[in-house]
Amino acid sequence: MAVENVSVVFKLYCLTVMTLVAATYTVALRYTRTISTGALYYSTTAVCITEVIKLFLSLGMLTKETGSPYRLKSALMEHVFCSPKELLKLSVPSVVYAIQNNMAFLALSNLDAAVYQVTYQLKIPCTALCTVLMLNRSLTRLQWFSVFMLCGGVTLVQWKPGESTKVQVEQNPFVGFVAIAIAVLCSGFAGVYFEKVLKSSDTSLWVRNIQMYLSGIVVTLIGVFLNDGQRVLENGFFFGYTPWVCFVVLLASMGGLYTSVVVKYTDNIMKGFSAAAAIVLSTVASVLLFGLHITIPFASGALLVCVSIYLYGLPKSDTTKLTREESDKESKQKLINV
C-alpha cells in the first residue's frame, strides 16, 4: 500500500498520538490490574465493551464514507445482514483477537508494563512468518537479521527482567510470558488473515471492521459467560469499574483506528520509531509509577529490540532502476561492438 502524500506536521501528529496511545494503554492497564485500589473488575467484560465501542466507531466512519443514510443502509444490508458467509469468514479473526485481548490483561497482571511492551514486539517476527506462509511474500536478508536480533533482545529482557517494588499483588512471570506468547501468535495470524480478507475484494475497510466487531461482540460475550458468568450475575457487568478502567477501555477502542491512520499516512520507519518510543515511555512510566529497577540485561535487550524494529522497517532497495541502467549499458556496448 502506497503512503499518501500529506504534510510532515500531520505525519508527526499521527506518530505522536499512536505512540502515546500504545504506551498509555499498557501503563494504564497495568495500573488498573496491580495498583488501583478497590474491587478488581472482570477483564472479560472490558474486552467485550471495547468491541462494542469499536463497532459504533466503525459505523460512524462508514456513515462518513458513504455520505448518506440511504447508502449506509444499502451497504449494511448488502455486506452485513445479507452476507452470512462473510460474517462467518470474519469470525475467525474475531475469535483470535478476543483471545489476544484477554491474554493482554493476563500478561499485564503478571509482568511490568515495560517488560510487556518489549516482549510484545515478538509480534513482528510472528507476523513476518505468517506473511511468508499465508501471503507468499519474501523478506530481505536485513529483515531476517532484524528478526533474529529482536528475538535475542527479548531473550535478554526475559532472562533478568526488572522488578517492580511498588506492586503488592501476587505475580507469576511465567504465566505472564506464556500469555504474551499466545497474544503474539494471535496478533500475527489475525493481522495477516484480516489483510488477506481485505485484499481479496474491494469491500470497504469499515464494512469489514463492522463484520468483524459484530462477531467479536458475540465471541466476547461467550467469554464473559464462560469465565465470569456467575460473578457477573451476582455483582453486575460493570463491577469494579473506575474512571481508570473506562480510560483503558477507551484507549483500547481508539488504538485500532489510529493504527489504521498510521498505516495509511506514514511509512514503516515512522511506525518503527513509534514502537521504540512507546517502549521508552513505558519504561520511564514504570520506573515512576511501579518502582521498576532497570537491570543491564533489560536495558541491553530493550536497545536491541528498538534497533531491530528500525532495521526491519527500512524500505527494500529498488533494484529495477539499476537493472534498467545495466541493460541500457549492455545495449550501448553491443552497438559499439557492431
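Backbone N, Cα and C define each Cβ position, glycine as well.
Here's what TrEMBL has on this protein:
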- 12-33: transmembrane segment (TRANSMEM)
- 39-62: transmembrane segment (TRANSMEM)
- 142-159: transmembrane segment (TRANSMEM)
- 174-194: transmembrane segment (TRANSMEM)
- 206-226: transmembrane segment (TRANSMEM)
- 238-261: transmembrane segment (TRANSMEM)
- 273-290: transmembrane segment (TRANSMEM)
- 296-314: transmembrane segment (TRANSMEM)
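Contact check: the transmembrane segment (39-62) against the transmembrane segment (206-226) gives at least three Cβ pairs closer than 8 Å, residues 6 or more apart, which meets the contact criterion. Contact between the transmembrane segment (142-159) and the transmembrane segment (273-290) is not supported: fewer than 3 Cβ pairs lie under 8 Å, counting only residues 6 or more apart in sequence.
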